[in-house]
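The signal peptide annotation in Swiss-Prot covers 1-32. Among the features that Swiss-Prot reports, Zn(2+) 2 binding site is placed at Asp52, Asp322, His323. Annotation source Swiss-Prot lists Mg(2+) binding site at Asp52, Thr154, Glu275, citing similarity to another entry. The active site, phosphoserine intermediate annotation in Swiss-Prot covers Ser101 and rests on sequence analysis. Per Swiss-Prot, the feature Zn(2+) 1 binding site maps to Asp280, His284, His419.
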Amino acid sequence: MKKFPKKLLPIAVLSSIAFSSLASGSVPEASAQEKKKGNQDEIKNVIVLIGDGMGVSYTSAYRYLKDNKKTKVVEPTAFDQYLVGQQTTYPDDPEQNVTDSAAAATAMSAGIKTYNNAIAVDNDGSEAKTVLEAAKEKGKATGLVATSEITHATPASFGSHDHSRKNMNSIADDYFDEMVNGKHKIDVLLGGGKSNFDRKDRNLIKEFKKAGYSYVDDRKDMLKNKDSQVLGLFADGGLPKKIDRTKDIPSLKDMTNTAIKKLNKDKDGFFLMVEGSQIDWAGHDNDIVGAMSEMEDFEQAYKAAIDFAKKDKHTLVVATADHSTGGYSIGADGIYNWFSEPIKAAKRTPDFMAEKIADGADVEKTLKTYIDQKKLALTKAEIQSVEEAAKSKEVLDIDNAIENIFNKRSHTGWTTGGHTGEDVPVYAYGPSSETFAGQIDNTEIAKNVFKALQYNIKINDK
């Protein structure tokens, strides 16, 4: 394995560029042409991408994971070129000062601090206007894309209002019932959460179809659909992680490109929020395999947004995280190494393998089927640890045992199964990208997007 010290100079250079950006309030320049596009052209479209749980340790580990071992340098990821700063994430909660996804998303959608669990409402329970609603008021097309349920905390905080993120059925109702200028306020909805739309008390899928929306539930139908308004639900709950996904379930890149293609038909432009939801879920699970799988899914969607913006020349792209998750560390137990090869050996997530074993599959056969033995040759002790966990027949016990193998072999550390409160990176490209530079607060994401939309609003951010 190549040692990191041989390859750190380019990363240091990138970091120094980013640091100078923070100090000066400027954005790293890819070229004079891109600078012209970023600073002089009017904004027609805004794309906000949120890597849920994606702290700096995740973006750093992903860089090392994707590194080309044949070179002497650590190659940058798609994110690195457009790093402009970092943001604080704390909520305005009477009992907690580490944010959840709802409070953080509300900060980024509405520009206000609020309590954990709040969906675009303030501490008094009053609804706060979101940037998606502002875009719709300006006549733009709007969309939400996520790998979680589309009613989960982050997308919900852009497209609905509720005192609790747990009310996912009510959030689904809001997506249909709440109008802006007499129109449904979200034109494209792509993600999971079918169970929140197809219920005994209400069938929102039928209602959306009656209102003129297309409905799709697999990748093939989504890609061939020609309509500008579409509801796409590809799982009852969240989508499988990228590494576990079958061909009939779209990737985050697929959904992002589909949303952009449909929304871009609107002559007045569009607003789109895209969430890589399950970076966070993997972090909660202390699952490094799942985390890196979801980082790749998110990077590909991010690249799709950037590629569109470069061609369009009137699109602002902002990418960030709502918080970090798991207290993830690159290196653990006092060992000064971190190895990506064990992670690359996985063909499926520990969750996937654990469910197979809990259903009665042979432990050793399952592990060796879904873990490349050339990259990670399992020891007898490692196999026995999973066999011991399997005696309980509990998926969680088996999952933890398999995750422990990957964590130990890669020297990955975790401190919690919850969120952590550090600042998170901010990336931006296109017109007004410089407004996101430096040390900012997460509420400034929304405030700057409102400005980009030329929407005048007085935000009560007491």
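Note: Cβ is positioned from N, Cα and C throughout, glycine not excepted.
When the recorded positions Asp52, Ser101, Thr154, Asp322, His323 are ranked by how far their Cα is from the Cα of Asp280 (Zn(2+) 1 binding site), Asp52 comes first.
Cα-Cα distances to His323 (Zn(2+) 2 binding site) place Ser101, His419 within 10 Å, out of the recorded positions Ser101, Thr154, Glu275, His284, His419. Sequence-distant contacts of Thr154 (Mg(2+) binding site), defined as residues of its own chain at least six apart whose C-beta falls under 8 angstroms from its C-beta, comprise Ile50, Asp52, Ser101, Ala102, Ala105, Ala146, Ser148, Met273, Glu275, Ser277, Asp322.
Sequence-distant neighbours of His284 (Zn(2+) 1 binding site) (same chain, 6+ residues apart, CB-CB distance under 8 A): Gly53, Thr325, Gly326, Gly417, Gly418.
A C-beta separation below 8 Å, combined with a sequence spacing of at least six in one chain, links His419 (Zn(2+) 1 binding site) to Gly53, Val98, Thr99, Asp100, His323, Ser324, Thr325.
Secondary structure from DSSP puts Ser101 (active site, phosphoserine intermediate) in a helix. All protein chains considered, the CB of the residue listed as 'active site, phosphoserine intermediate' has 26 other CB atoms within 10 Å.
The least crowded of the binding-site residues Asp52, Glu275, Asp280, Asp322, judged by other CB atoms within 10 A of its own CB, is Asp52.
Around the Cβ of His323 (Zn(2+) 2 binding site), 27 further Cβ atoms fall within 10 Å across all displayed protein chains. Excluding Asp280, His284, His419 themselves, the residues of that chain whose CB lies within 8 A of the CB mean position for the Zn(2+) 1 site are, in sequence, Asp52, Gly53, Ser101, Trp281, Gly283, His323, Thr325, Gly326, Gly417, Gly418.
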